[in-house]
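*Asks:* There's a structure below that I have some questions on.
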Amino acid sequence: MTAPGFTVSAFILLLHVSFVANYPSGKVTKSCGGMIPEHGHTPQSHPAHNISVSQKTFRPGDQIKVTLSGPPFKGFLLEARDAENLSGPPVGSFTLIDSHVSQLLTCEDVQGSAVSHRSPSKKTEIKVFWDAPSGAPNHITFLATVVEKYKIYWVKIPGPVISQPNVPPFTTPEATIAPMPTVPSVSHLTRSFNASDCGNKKFCIRSPLNCDPEKERACVLLSFTRDDQSVMVEMSGPSKGYLSVAFSHDRWMGDDDAYVCILEDQIVHIQPSHLTGRSHPIMDFGDPLEDMAWRLVDGVMQCSFRRNITLPGVKNRFDLNASYYIFVADGAAVDGRIHKHSQQPLITYEKYNVTGDPKNIGGSHSLLLLKVHGALMFVAWMTTVSVGVLIARFFKPVWSKALFGDAAWFQVHRTLMLTTSALTFIAFLLPFIYRGGWNWHAGYHPYLGFIVMVLAVLQLLLAAFRPPLHDPRRQMFNWTHWSMGTAARIIAVAAMFLGMDLPGLNLPGPWKTYAMIGFVAWHVGTEIILEIHAYRLSRKVEILDDDRIQILQSFTAAEAEGYVFKKVVLAIYVCGNLTFLTMFLSAINRL
């Protein structure tokens, strides 16, 4: 397996397998040899595009204009080959005429030996120069693969043959037609899968745990039933576009044995594939899957197939007598093309042997480190920092008595803020441990988190050098401390809003957004109430100046009344705050 530099979320993100859609920049070097897009569809048999050349003879060093034209197409791959050995490597190199629509590729370690599209925009004509190399074969032909759209493409469209002067005439080599792979028959399921035998006769993975696909449309079921030397696999879930399962040696993407059921034009295609490191999954053909069947009813897609437990000599297929982590995913697909998933795949907590004793298990859509990261950030920036701010802002006169050498309010405030910083630091490290580095696929969330971490550290340093109460610099400290703290809280809330939608911790919605808005309103409302109360309380104080003697009206009763009110508001606020926090922590725990 590959190193954990790329999260398991890529399992479905990289199932977006399209010669054009997966490679919008035209970087299709991996297809140089066979010139075959990995679409999982049969190429068209009658070319609709044409290759023409500016001359029919050449000498080493000549430049020959090559034109590919025809109906609008999105992607292409153009190469020159030895006309007498079409399976050989590309010959010579190309020079671009319009670098805005085409680009050079390096095939077989020869720079510029192929040309491809630069973008998936539609085009009707491509012109390039082919540079004849020294030692070129006697006869050269040009081959092009053209992609009109995902499932409509032509492979190795032949162009004219050009020859060097004074060489034996070109004779077309005897055609060798490769046998077409046998297409297994696919039938329709007559009834829905059921989960009654899970844990008894079937090895089942379900999400939510113990759900029933016959009663719940959202239920995702994966079951394995051993039958002598083969295993029957069943998948059921919402008909968003595809269902997939993969067997993995660890919890990271790479070198995995995968199977995908893809909905296209109200037909379900069952396709084996394999994953290779960080590259796109490769659809496999001719694999010995048997008894394939599918069903599409009431928004639920179901598919099944049988495969032998051991497949000696078949590349990329795992021995199912061993134990593996199991990935289960579903998502959208358009025209047979799998799209980026919105949620992490369900991953079993440990390795299992699906052909062993029947079990009924679940899994998690989020790995433990990411769940702990989210939980710690919620505790820190929803609860500890919020309560700490209220204490410092409104409760100085309420808890002014000394506690361990300092005012009680200050001790509580300092403890809560140190806790916030400690939780933030721990939570900040966890994604780096999980991914082995910076996450470049999480949008603005990690950048906002980094800013929050920096501000939290600066706040600690600033607080450590707090000037004495009557020092002239104290007012500047107060404003700086307040400004940085307020900025950190606002940015932290924004980071939490964004983090809730990331695939690694995709909390179910839309309640999460409303709950976060509710928390913000709850906190802001509490601050407004305490501000109004403080203002009204100050109005009760009347200072009279008579012969330089200040007479303070009796304030003891009003002061006591104000303290009680503040304590009641704080108690209610903490209860509400903990309610919001519990909602989010419970949602994380259920992932």
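Including glycine, each Cβ sits where the backbone N, Cα and C put it.
When I checked Swiss-Prot for this same protein, it listed these features:
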BINDING   His373, His445  heme b 1 binding site
DOMAIN    335-533  domain 'Cytochrome b561'
CARBOHYD  Asn50  N-linked glycosylation site
CARBOHYD  Asn85  N-linked glycosylation site
CARBOHYD  Asn308  N-linked glycosylation site
CARBOHYD  Asn321  N-linked glycosylation site
CARBOHYD  Asn353  N-linked glycosylation site
TRANSMEM  6-26  transmembrane segment
TRANSMEM  372-392  transmembrane segment
TRANSMEM  416-436  transmembrane segment
TRANSMEM  445-465  transmembrane segment
TRANSMEM  490-510  transmembrane segment
TRANSMEM  514-534  transmembrane segment
TRANSMEM  568-588  transmembrane segment
*Asks:* How big is the gap, in Å, between the Cα of Asn308 (N-linked glycosylation site) and that of Asn321 (N-linked glycosylation site), rounded to a whole number?
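*Replies:* Approximately 10 Å lies between the Cα of Asn308 (N-linked glycosylation site) and that of Asn321 (N-linked glycosylation site).
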*Asks:* Using a cut-off of under 8 Å between C-beta atoms, tell me which stretch among 372-392, 416-436, 445-465, 568-588 contacts the transmembrane segment (514-534) the most.
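*Replies:* So the stretch in question is 568-588.
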*Asks:* Looking at 372-392, 416-436, 490-510, which one has the highest count of Cβ pairs under 8 angstroms to the transmembrane segment (568-588)?
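*Replies:* Ranked by Cβ pairs under 8 Å, first place goes to 372-392.
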*Asks:* Same chain only, please: residues at least 6 beyond the ends of the transmembrane segment (372-392) with a C-beta under 8 Å from a C-beta of the stretch. Say none if there are none.
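*Replies:* Counting only partners 6 or more residues beyond its ends, the transmembrane segment (372-392) has Cβ contacts under 8 Å with 366, 399, 409-410, 412-413, 416-417, 419-420, 423-424, 426-427, 430-431, 434, 449, 452, 485, 488-489, 492-493, 495-496, 499, 505, 519, 523, 526-527, 530, 570, 573-574, 577-578, 580-581, 584-585, 588.
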*Asks:* Work out how many Å separate Asn353 (N-linked glycosylation site) and Asn50 (N-linked glycosylation site) at their Cα atoms, rounded off.
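*Replies:* Counting only the Cα atoms, the answer is 53 Å.
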*Asks:* What are the sequence-distant neighbours of His445 (heme b 1 binding site), meaning same chain, six or more residues apart, C-beta distance under 8 angstroms?
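*Replies:* Sequence-distant Cβ neighbours: Ala495, Leu498, Gly499, Leu502.
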*Asks:* Kindly assign Asn50 (N-linked glycosylation site) to one of the three DSSP-derived states: helix, strand or coil.
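*Replies:* DSSP call for Asn50 (N-linked glycosylation site): strand.
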*Asks:* Whole-number answer please: how many Å between the C-alpha atoms of Asn50 (N-linked glycosylation site) and Asn85 (N-linked glycosylation site)?
*Replies:* 21
*Asks:* Rounded to the nearest Å, what's the C-alpha distance separating Asn321 (N-linked glycosylation site) and Asn85 (N-linked glycosylation site)? Just drop the number here, would you?
*Replies:* 43
